Structures are given as C-alpha cells and as structure tokens.
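One structure below.
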Amino acid sequence: MAMKAVCVLKGDSPVQGIINFEQKESNGPVKVYGRITGLTEGLHGFHVHQFGDNTQGCTSAGPHFNPLSRKHGGPKDEERHVGDLGNVTADKDGVAKVSIEDSVISLSGDHSIIGRTLVVHEKADDLGKGGNEESTKTGNAGSRLACGVIGIAQ
C-alpha cells in the first residue's frame with residue numbers, strides 16, 4: 001500500500017518550504033519532492049535528523065538519523081547515515097526544487113522517518129569526504145536554516 005508523508009520547513013531565517021514523501025511499497029524507494037525558498041544560491045545539506053523535537057528550534061532535533069551507527073556519507077554511498085539525503089541546489093532566486101529518490105529511508109519499519117525532523121543546512125554537505133572528523137558526522141554542512149517534523153499525509 002502506498003504511504004505518503006509531508007514536512008513543512010520553517011526556521012528563524014526566511015527559509016521555508018514544503019517537502020513531500022511517497023513510497024509505493026514498504027521496502028521500495030521513497031520519492032522526496034517539493035520546493036524550498038529563501039536560500040542563498042548553491043548547495044545546502046539536506047538530512048533527516050533523529051528526533052521530531054523542535055522545542056528549541058532545529059537544534060533539538062539531534063544528530064542525523066543513524067540507526068546503523070555508520071559514518072556520514074552521500075546518498076549513493078554504502079557507508080552513510082539513513083538520514084543522509086545529500087544536498088539540494090538553490091538557484092539565483094534562492095529556490096531549490098527538490099526531486100530525490102532514495103532507497104535507504106522508509107515511511108515504515110525500522111528505518112521509518114515519520115516523526116523525525118527534516119533539516120536544510122546553511123552550507124554544502126561534503127558527503128563525508130572533507131578529510132576531518134566533523135565531515136564524518138555532519139558533512140560540514142553548517143547551521144540549521146529550517147526544519148520540520150515529517151508527518152503522515154493522505
């Protein structure tokens with residue numbers, strides 16, 4: 001049965017957006033699509049974080065969702081956090097049109113991202129290839145510009 005989820009991204013900055021998630025079968029890939037506005041032109045890290053807690057803004061969402069205790073990587077890497085969705089690219093108008101298909105996240109089961117926080121970051125994610133310890137944890141993606149809890153949609 002197809003499952004759907006949605007996330008409304010908001011933050012202290014002008015960055016905002018709506019991201020949709022769609023999974024046709026329980027172990028199938030998840031389509032991630034939508035748009036984010038108010039960004040600076042270029043790449044911005046895009047991750048699912050562990051907790052759905054936004055009581056202290058995006059910082060209370062915890063680290064990247066990583067149930068397999070792996071190092072940070074890119075979305076196509078074998079070694080990655082479940083929540084590592086790579087980067088979104090904003091155009092000169094600050095708009096990122098998101099269209100990702102990912103086979104590691106899920107909307108059900110052990111790797112479900114429902115109830116967790118989606119975050120868009122200030123800087124590009126170096127996909128774990130930055131050559132320092134922070135790269136293997138966060139991809140050096142910098143501060144959290146906007147976030148929202150991923151919820152079930154109809």
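Including glycine, each Cβ sits where the backbone N, Cα and C put it.
Per Swiss-Prot, Zn(2+) is bound by His64, His81, Asp84; the candidate from His44, His72 named for the same site is His72. Between Cys58 and the candidates Cys7, Cys147, Swiss-Prot records the disulphide pairing with Cys147.
Closest in space to Lys123 (N6-acetyllysine), of the binding-site residues given as His47, His64, His72, Asp84, is His47, taking the CA atom of each residue. Here nothing among the binding-site residues His64, His72, His81, Asp84, His121 falls inside 10 Å of the CA of Lys10 (N6-succinyllysine). Contacts of Ser99 (phosphoserine) defined by a Cβ separation under 8 A and a same-chain sequence distance of 6+ are given as Lys31, Val32, Tyr33, in order along the sequence. Most buried of the recorded positions His64, Lys92, Lys137, judged by other Cβ atoms within 10 Å, is His64. Looking at His72 (Zn(2+) binding site) and Lys137 (N6-acetyllysine), their Cα atoms lie 5 Å from each other. Within 10 Å of Asp84 (Zn(2+) binding site), counting C-alpha to C-alpha distances, fall none of the recorded positions Cys7, Cys58, Ser106, Cys147.
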